[in-house]
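Chemist: Got these off TrEMBL a minute ago, pasting:
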- B:12-163: domain 'FAS1-like dehydratase' (DOMAIN)
- B:197-232: domain 'ChsH2 rubredoxin-like zinc ribbon' (DOMAIN)
- B:235-296: domain 'ChsH2 C-terminal OB-fold' (DOMAIN)
């Protein structure tokens with residue numbers, strides 16, 4: 001059983017995605033780093049992170065990709081196929097902060113690809129800015 | 001080496017393959033997908049629910065697109081092992097460290113996905129260096145941006161995705177000086193004890209001696225408790241003794257001290273006792289009777305104080 005299948009025809013350029021607030025706990029930052037098999041100490045060891053010039057452990061970029069993916073496909077529905085995720089990182093995601101993701105549909109292409117501009121902001125500033133491209137199902141078409 | 005020679009060595013890497021095609025440790029599989037979607041709190045059903053995935057027109061579950069890079073990560077053992085097979089990427093990391101760029105942060109990732117991955121797909125990655133920027137000033141410290149392209153292929157060699165990847169390799173900016181520690185409480189210096197603190201500033205531990213009966217005494221005082229004489233001089237201690245007794249102070253805390261704080265009564269071989277801190281020993285390892293030797297601390301320019309550390313037995 002699937003719900004929330006967004007079709008290409010349902011989407012308009014300029015449409016805004018509902019905001020998603022993601023609490024950034026220390027456990028989540030470590031759990032996601034390990035789930036992405038990233039064992040760089042700056043993502044789990046606070047004292048080594050400080051030694052390397054950071055104020056604390058911080059989220060790894062693979063997780064930012066995962067969260068941006070979750071945000072857009074959560075809106076686009078399970079039938080959406082992700083064709084591109086292009087991100088730039090800014091302010092680090094530190095434990096205790098909250099990242100607020102927002103998005104806007106910026107383009108629609110004939111092959112049912114839809115581009116969404118995504119931005120994730122924490123208390124310091126923009127953590128991530130980027131674009132996600134998904135291909136949506138059309139009317140009467142499954143995928 | 002001159003700056004330009006270093007620059008040449010760096011730029012020689014442009015266009016080179018940093019990682020030759022290397023397969024991921026495991027094929028795409030459901031347990032790792034579950035680990036990922038749980039950590040990401042991604043409840044899209046197409047990653048774990050076969051029926052839901054088929055209802056979207058797929059043949060079965062697929063891996064999250066963003067998870068691609070995870071399939072080719074080296075894994076924990078290789079991440080921490082100094083014996084892991086070295087790649088060009090490791091050599092470039094060393095060369096950058098030689099230039100002081102010891103820290104790293106990823107700044108850009110641009111994935112283009114050619115197809116979705118399904119359980120059983122065995123993905124490999126190869127990585128080529130595109131560019132190394134000149135040194136730039138960044139909020140993290142001076143650094144260089146390293147741009148690469150990663151190409152992901154399935155077992156048949158077909159490209160499943162490409163990823164433009166950019167990292168900043170930087171010299172951590174100097175940390176601000178820590179706030180100065182609170183000054184150590186001042187001793188109450190008077191005419192009777194100033195000689196003792198003056199000697200301490202010269203790292204000499206002295207003991208007051210009666211000029212008449214020659215008995216030693218501490219703490220300093222105007223009058224010999226043995227014979228009542230007001231005449232005195234000093235002798236210099238050899239700086240050896242043992243722990244007569246001690247306490248370990250946990251509370252209340254004064255900001256000038258590190259805790260737990262050992263406060264010991266040291267009996268010197270000359271026979272007098274004095275109160276001092278201990279160094280070079282864990283509080284739990286201090287024992288009554290422990291042989292100790294003199295050391296000195298200089299908490300600030302006006303104050304030097306004796307401390308005692310465990311005497312090390314002569315190695316035979």
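The backbone N, Cα and C atoms fix where each Cβ goes, and this holds for glycine too.
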Chemist: What parts of the chain pack near the domain 'ChsH2 rubredoxin-like zinc ribbon' (B:197-232), using Cβ distances under 8 Å and only residues at least 6 beyond its ends?
Modeler: 187, 189, 239, 268, 270-274, 294, 296, 302-306
Chemist: Would you report the average pLDDT that the model assigns to the domain 'FAS1-like dehydratase' (B:12-163)?
Modeler: 94
Chemist: Work out, from DSSP, the number of helix, strand and coil residues along the domain 'ChsH2 rubredoxin-like zinc ribbon' (B:197-232).
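Modeler: DSSP classes over the domain 'ChsH2 rubredoxin-like zinc ribbon' (B:197-232) add up to 5 helix, 8 strand, 23 coil.
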